[in-house]
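Undergrad: The structure is given below, and queries will be raised subsequently.
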Amino acid sequence: METEGGSSGLAKSAAVKLSEMGERTKQFGTAMRDPHQQRRIILVIVCVALLLDNMLYMVIVPIIPDYLADLESEQSEHVHVVIHSNTSANSTNQAKSNKDNLDVQIGVLFASKAILQLLVNPLSGTFIDRVGYDIPLLIGLTVMFVSTCIFAFAENYGTLFAARSLQGLGSAFADTSGIAMIADKYTEEAERSKALGIALAFISFGSLVAPPFGGVLYEFAGKRVPFIVLATICLADGFLLLTVIKPFTNRTRENMPVGTPIYRLMIDPYIAVVAGALTVCNIPLAFLEPTIANWMETTMHSSKWEMGLTWLPAFFPHVLGVYITVKLAAQNPNLQWFYGALGMVIIGASSCTVPACKTFGQLIAPLCGICFGIALVDTALLPTLAFLVDVRHVSVYGSVYAIADISYSVAYAMGPIVAGQIVHNLGFVQLNLGMGLVNVLYAPALLLLRNVCQMKPSYSERDNLLEEAPQGLYDTIKMEERKGKKKGYSSAGNCLPVDENGFDPFRAQRSFSDESSGPEYT
């Protein structure tokens, strides 16, 4: 009887647990059908993808130089040459030549990711505009997973170079589609700025935490462990994407709107100004990362741990800059251009003060200033790109954020290769003064954006055609379907010319009081 009672209790307990699991699954399914809950989960997926990409970019900083030096020494042991005692000068020259060759290899390896990303972005942006955001994000995560596994098990420079370049291919899809998906899901300007600010915080966290993360695991667990950990997270993020978004089901590709071609977006003067600002503001960070460690060792006699933790304190002012800009943008959205210009001035001033630092403690302040300024520029201008596409082109964001990714890639492709040559030929002081001056001189160019908030959309399509709340790309698809049913209503998907829209972009002082159509964006 006791056995029967015990088994009955176990059966009841199992039934209760199964019922609870079923209820949780039902709640999860209900949450997935709720657009607001779904876009929060999508934001998490995108933020994890951006975190992984930037950790993969920076995690090799403490690993690769030491690992390549070990490979170089092993090769020299295999090809041992007997050197006589009177050839010590030759051996010294050979050692110097080997060091220079190693520096070149490291620089090319670091830059290869950004170079390939720069080349692929025009194609990935167009591809994203054609098929949507979810499939390219899945492709990017898959390629990043493969490249990370190759990194973990690579045993020579050629394999490391292939893995690094492959990562650039994955980033061109994952970064662009992820940021574009956020812009598409968060259609209100305040919410969009906040969501993009959260994404930027994850980018900063990945970039600044990856070097100590990689250095510690490399020191105590070996080269493979950091990459295996990141590959596991990448795989989990990919599975979450498949579970939540289900990119291969319920798609309406035949009704996808045709986005503005990337070459037309590139020649838009407003987008060009924003893209230039994103490149210029990231040059100090991209140029200092490969050069500052040697300068610290030469001028400050810094220890290895100080060089490894150089950028870690800058994470906190970067997050602070993102938070402040999001709050200010919500209160005064018409001053986005001013926040960006202020950030560039802060970057310029901070860059000019770096060479004056004599201790590690002094160096932290200008580096924090650089990252704070970059946060202001990025957080102010990335949502501006989406707004410009909304009011001047078609609300499809793949190509415009491919342009943003190209802007970053230009800075980070030049950094590892060009910065070392400038330091060698002109000096570290001249490098920093030049970068600071370029940022300060570019800041006034953002004055062109001061009337952007007064622009009006080319068609009041959402107000005229939709009854429910807007849902980004879904809205555009639905509008195309409805327009196809209306006789005589064009479904070309392109915006009206600027003159028909009642706005002349090249006359900043023009009055907008006589415009009679479309809601005003503030």
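Placement of Cβ uses the backbone N, Cα and C atoms for every residue, glycine included.
Unlike curated records, TrEMBL annotations are generated automatically.
Feature table excerpt (TrEMBL):
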DOMAIN    42-522  domain 'Major facilitator superfamily (MFS) profile'
REGION    482-522  region 'Disordered'
TRANSMEM  41-64  transmembrane segment
TRANSMEM  135-154  transmembrane segment
TRANSMEM  195-213  transmembrane segment
TRANSMEM  225-245  transmembrane segment
TRANSMEM  265-288  transmembrane segment
TRANSMEM  308-326  transmembrane segment
TRANSMEM  338-357  transmembrane segment
TRANSMEM  363-388  transmembrane segment
TRANSMEM  400-423  transmembrane segment
TRANSMEM  429-449  transmembrane segment
Undergrad: How does the model score the domain 'Major facilitator superfamily (MFS) profile' (42-522) in terms of mean pLDDT?
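TA: Mean pLDDT for the domain 'Major facilitator superfamily (MFS) profile' (42-522): 78.
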Undergrad: Before we move on, state whether the transmembrane segment (195-213) and the transmembrane segment (400-423) share at least 3 Cβ pairs under 8 Å, counting only pairs 6 or more apart in sequence.
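TA: Not in contact, no.
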Undergrad: Using a Cβ cut-off of under 8 Å, list the residues of the same chain at least 6 residues beyond the transmembrane segment (400-423) that approach it.
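TA: Same-chain contacts beyond the ends: 103, 106-108, 110-111, 113-115, 117-118, 121-122, 124-126, 128, 171-172, 175-176, 179-180, 183, 262, 265-266, 271, 274-276, 278-279, 282-283, 285-291, 294-295, 382, 385-386, 388-389, 393, 430-431, 434.
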Undergrad: Given a Cβ distance threshold of under 8 angstroms, which distant residues of the chain, six or more beyond its ends, lie next to the transmembrane segment (308-326)?
TA: 62, 193-194, 197-198, 200-201, 204-205, 207-209, 211-212, 215, 289, 292-293, 296, 339, 343, 363-364, 367-376, 378-380
Undergrad: Please give the sequence-distant neighbours of the transmembrane segment (225-245): residues at least 6 beyond its ends with Cβ less than 8 Å from one of its Cβ atoms.
TA: 32, 38, 41-42, 44-45, 48-49, 52, 55-56, 59, 63, 134, 137-138, 141-142, 144-145, 148-149, 151-152, 213-214, 217-218
Undergrad: Please indicate, using numbers and ranges, the residues of the same chain that are 6 or more beyond the transmembrane segment (429-449) and have a C-beta under 8 Å from a C-beta there.
TA: 269-270, 273-274, 276-277, 280-281, 283-284, 287-288, 291, 336-338, 340-342, 344-345, 347-352, 354-355, 373, 384, 419, 422-423, 508
